[in-house]
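Here is the structure we will look at.
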Amino acid sequence: MAIGYQQQQLHIEQLSAQDLLQQYGSPCYVYSKAQLLTNLQAYQQAATGLDALICFAVKANSNLAVLQLFAAAGAGADVVSVGELQRALAAGFAANRIVYSGVGKTKTDMALALKAGILQFNVESIPELQRLSEVATALGLEAAIAIRVNPDVDAGTHEKIATGKAENKFGISWQQVEQVYALAAELPGIRIQGVDMHIGSQITDLAPYQAAFQRMLELVERLQALGHTIDTIDLGGGLGILYPDARQAVSIDDYMALVRQHFANKGCRLILEPGRSLAATAGVLLCQVEYVKQGPGKTFLILDAAMNDLLRPAMYGAVHAIWPVQLHPERASQRYDVVGPVCETGDTFSMGQTLPELAPGEAVAIGQAGAYGAVMASCYNTRALVPEVLVSGQQSALVRRRIEIEEQLSWDQMPDF
Ligand code: LLP
């Protein structure tokens, strides 16, 4: 366990959370290098013998230090903006291991990605395809594309992170797709390379994947029969992890077995785009209790971390583990509503959470925060932007400094009038 208790104290690898808080201040994100790599290796090992490229979904955690270690360990990258593309390149991902998804690519975005020489554009609409053709032709370049297919399956996840239903904005509808490939084959500057899907995130059941894979498999065969070259099959990401409220998680091994069962020996290169399942369990948000407030019938544990630091509970009603940094087996337990200081009722991490009694100044860790944590953080309420720390064994390094209030004030300007 890279993140767990040693002698009653929460550790990230060999360092105590308490010491890290002292050194880097509160709140701060801390990631375990070993856990990040273990998660990647789980995919890589399960993919042994398959021609598969594991492209980390950069949106889940785009810190350069995290990206760099995934790049060095042989991963590719899935990006959804040129900002992410620039991060991936800066972190050392070879351009030909980067795929680019997203429904709103601008001409400038396309030009940048074309010049960089990325592996694949995942195209989500006919106007995007036409625009990409124009941009590529003007540059005298060729865009390798996959059409993102919307397989119309219900991923059984939170409505804000489901993407594979017909009513979602993503991909080309199942019925339209052959037409779009026919158009792609005609357009200058476009080279059809593969097919793509991504049905949603925090998926905790294999059934939606099974349904979608079956459709993709049939589609690949149909497209090949129509004479299109299909060299890559991009299956997206979405594998869920075991948050405290998840009924179950799908194991990477079971997921990869399903991938193998459908797509091994098709002569195609497989592309996977996992984000959460690579990063979530490798991170914690460390923070402190500011106040214990007695309300009528309720006790509030007011932390110094808030929804601006970790948005998931406020945005999706997500539940994260909350761990005391120091265990005190002799203490009585208490039910708390764990909240942040931001002036919104939504700034609540957990309701009715049972924890050992805690006092102001004592430290708490919010678990499973390595994915969609720091990347979604903001300075809302003019709070400092939360820093990030990477731990490896007994070493730690600040990988993003805290952006303090003075610096934020300097971002604004007074007008002349
Ligand atoms: N590929 C594409 C095209 C995606 O849109 C996503 C995530 C992924 C891959 C990676 O999915 P993952 O393996 O991480 O599930 N902010 C939300 C999650 C949004 C996911 C958006 N797309 C959250 O905090 O739960």
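Positions of Cβ are set from backbone N, Cα and C atoms, glycine also.
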Q) If TrEMBL says Glu273, Pro274, Gly275, Arg276, Tyr372 bind pyridoxal 5'-phosphate, which of Gly227, Gly238, Gly317 does it name for the same site? A) Gly238
Q | Inter-residue C-alpha distance, Arg312 (substrate binding site) and Glu273 (pyridoxal 5'-phosphate binding site) (nearest angstrom) | A | 20
(Q) At 10 angstroms around each C-beta, which of the binding-site residues Glu273, Glu344 has the fewest other C-beta atoms nearby? (A) Glu344
Q | Longest CA-CA distance among Arg276, Arg312, Tyr316, Glu344, Tyr372, per record bound to substrate, angstrom | A | 27
Q. In the predicted model, what is the mean pLDDT computed over the domain 'Orn/DAP/Arg decarboxylase 2 C-terminal' (28-370)?
A. 95
Q. Taking the Cβ of Gly275 (pyridoxal 5'-phosphate binding site) as centre, how many other Cβ atoms lie within 10 Å?
A. 23
Q) What is the number of other Cβ atoms found within 10 Å of the Cβ of Arg312 (substrate binding site)? A) 22
Q) Reported as an integer number of Å, what is the Cα distance between Lys59 (N6-(pyridoxal phosphate)lysine) and Gly275 (pyridoxal 5'-phosphate binding site)? A) 7
